[in-house]
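Here's the structure we're looking at; comments come further down.
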Amino acid sequence: MSHSADTPLGMPAPWLDGKKIVVTGGTGFVGRHLLPQLLAAGARVTCITRATSRRDHLPAGVEVVRADLRSGAGLEEALRGQDICIHMAALLFGLGWQDYLRANSEAARALATAWQRLDAQGQAPQRMVLVSSLAASGPCDTAAGRGDDAPGAPVSAYGWSKLMVEQILGRALGDRMVTLRPPIIYGSGDRGLLPVFQGLRYGVAVTPGMFRRFPVSAVHGRDVGRAIVCCCRPEAHGVYHVNDGGCYAMADFYRAMARAMGKKACILRLPLCFLGLTALLSTLGGSLLAALGRKGRAPNWNLDKYREARQSGWTCDASRLREELGYAPALTLDQGMQEAVEGYRREGLL
């Protein structure tokens, strides 16, 4: 199969042609960008979903199987005979340690158990690509960014849960697992940054701290997909960080959002103590609603996100991904923001 630059992948990936790939979390934001790329590379793609998952936006050609990542029901059959498993499913917004540990580590244990059983039968996948997070690495405020070989130093419950997932699956799979740690991911389909985009319709955004640059790395969802494809290469090993090649002050990141909407951004630099108070109130409100039986996603802004926001920065070094696996981002920050805004507008969200 030929792979031209005008395909969803935009680069040749012969190592995927004809491969059977099973994906968890494929119905989510990054999955929207990844699945068309896998299909364009000639892979045979199966997506593991829950009974409650939305599947209307899955591309034609993706097979769907139901399995429960918490209990493990159906996982062995979903994994059996596959070549590669891409594990992206994770809880991003929770109210506390128990939410993240229950959702993320339980899924990892279920996957590890199913994998080991299939291994004993000689029917386990040859490789897993785990999509983790820079939150598992820990903060960094240098332009060079946190390296792939730096020990994990999470500061949030989310980050600790992602590091635990890496450890649980790493013990079960050994060198058959490749880990990708993205920083801030943005793009069409994302709901995490949507409130910031919506605030910038009125020209206003908030950055943490009064006199801080707060440098961050970022990457578009489409380029996360390209990085995952690169991590499927046979020679991939260990932990890789990914970014778009830039290092941005948080205020400049928000200004790029505003430019994509034709707006000018007024950046409010709020004291950390004030942001901590708002995070506490938001968390208490979410906990109260949960106690009253109101189901739904935890608030985007909560104490766990505050633990990350109070750090000095979140930057990472993607040089090994580029040099060893040939990764190259397709979108600049401005191009990526334009794609995100167009996607939100198509969905009536902006």
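Each Cβ is built from the backbone N, Cα and C atoms, and glycine gets one as well.
Automatic, uncurated: that is what TrEMBL annotation is.
Features of the protein shown, as given by TrEMBL:
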| type | residues | note |
| --- | --- | --- |
| DOMAIN | 21-192 | domain 'NAD-dependent epimerase/dehydratase' |
| TRANSMEM | 267-292 | transmembrane segment |
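Same-chain residues lying 6 or more positions outside the transmembrane segment (267-292) and placing a CB less than 8 Å from one of its CB atoms are 95-96, 204-212, 251, 254-255, 298-299, 301-306, 309-310. Summarised as a single figure, the pLDDT of the domain 'NAD-dependent epimerase/dehydratase' (21-192) averages 93.
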